[in-house]
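Heads up: the structure comes next, in structure tokens.
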Amino acid sequence: MKDVNVGICGLGTVGGGTFNVLTRNAAIIAGRAGCNIRITRVASRRGRDDLALGDIPFTTDIYDVVNDPAIDVVVELIGGYDAAKELVLAAIGNGKHVVTANKALIAVHGNEIFEAAAKAGVVVAYEAGVAGGIPVIKAVREGLAANRIDTIAGIINGTGNYILTEMRAGREFSEVLKEAQALGYAEADPTFDVEGIDAAHKLTILAASGFGVPLQFEKAYTEGISGITPYDIAHAELLGYRVKHLGIARRREEGIELRVQPTLVPQSHLIAQVDGVLNAVLVDGDAVGQTMYYGPGAGDEATASSVIADIVDVARIVAGGGGQTVPYLGFAPEALEDLPVLPMEDVQSAYYLRIQAFDHPGVLAKVAAILSEHGINIESIMQKESEFKDGRIPVIILTHTVQERQMNLAIEEMEALADIDGQVVRIRAENFN
Ligand code: HSE
């Protein structure tokens, strides 16, 4: 069997997991790859005494890996934007294939990186960047290649899902976030998790590779979960819904919807059953129908599973003397469609609304009239007499699907009513029928 030489940059959580699994399962991985995958150099800012590096040269300079002429594949596991971009472009410049787990890098700089890689004739693989150990990029780019994909929706941040799951038991957001950080689920900056930025990185990549459009992270809409209260979670449950932090990408004739947001989903849908730190991605293809990919979205060896699957793909190419077979975004570059990301006002969604109404005669009639004037159809309405306080009473409304522009106008008019106190709480809802 031929040897394929791999250099690992970054020995954090995922780097350590990759080293351990590559070492432990070396024989089975070689059998699958048809070549020996040799870790020939490892670079990291800090060493790790817990890893059995043995004779493998260790360096604190990642460029020792990038500039090592013997190395065929550079595995980028340092994370972040700028240093990772420089590293990857330097590796490509040296004619090396790249495997990365860095979703931020691909979502933000992927178009430029893929162009450079295409010119150099090297592979850049990024399965581990999206939903950790779930092989969803392989599913979307290869397994579903026959399909026109119009909807991709997922729970693609484990920290956010853990927080919302715990809040169902009535716990407060800030308390659960601290716990998620202590458990090691959160990003270095946890606002990336709770404000939806990490999920938007992953959604951008999923949409591009599923729909065949360029990466457009800067146009993704992100809404976090820090404003979600146990009260709304409990009332969504009473209506038969669960609140999940979803990335939703939808392809429409005029453009794509690209949004990360708290979302009500029916309790009966499989995606509502995905709890704790787990991830799931729903992909709707015109031929296959709905498929869902479920599993650990983070963690050392779970993410290493995807990193190594990419290394195996690349090693087969290196050992076989061939070139890239699967295009970077699943479509030949000339087949990518320049579909714009639609502004949020053009998004179509159902809504959960919570209104604090003063207990005056005719309040509900006024609210219903405003909704009707904007073509908004009410699916259900709940008025909680038992929670009547200070002359105010909560009214909860679930609507059918409507354009966000209409809902914005309706909310503006409702908030201007003297019979309504404060702001209307709005959470989007999806049925995924
Ligand atoms: N912070 C991320 C999450 C890690 O919670 O999902 C995996 O990308």
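For all residues, glycine too, the Cβ spot is worked out from N, Cα and C.
Listed in TrEMBL for this protein:
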BINDING   Cys9, Gly10, Leu11, Gly12, Thr13, Val14, Gly15, Gly16  NADP(+) binding site
BINDING   Lys103  NADPH binding site
BINDING   Glu187  L-homoserine binding site
ACT_SITE  Lys202  active site, proton donor
DOMAIN    352-428  domain 'ACT'
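Across the fold, the C-alpha of Cys9 (NADP(+) binding site) and the C-alpha of Lys103 (NADPH binding site) stand 16 Å from each other. If you measure from the Cα atom of Lys202 (active site, proton donor) to that of the residue listed as 'NADPH binding site', you get 6 Å. Residues Glu187, taken from the recorded positions Cys9, Gly16, Glu187, Lys202, are distinguished by a CB atom under 6 angstroms from ligand 1. If you take the C-beta of Thr13 (NADP(+) binding site) and look for same-chain residues 6 or more apart in sequence within under 8 angstroms, you find Gly184, Gly299, Asp300, Thr303. Listed in sequence order, Phe19, Val42, Ser44, Arg46, Gly47, Arg48, Leu51, Leu77 are the same-chain residues six or more apart from Leu11 (NADP(+) binding site) with CB atoms under 8 A from its CB. In this structure the C-alpha atoms belonging to the residue listed as 'NADPH binding site' and Gly10 (NADP(+) binding site) are separated by 15 Å. Confidence for the domain 'ACT' (352-428), expressed as mean pLDDT, is 93.
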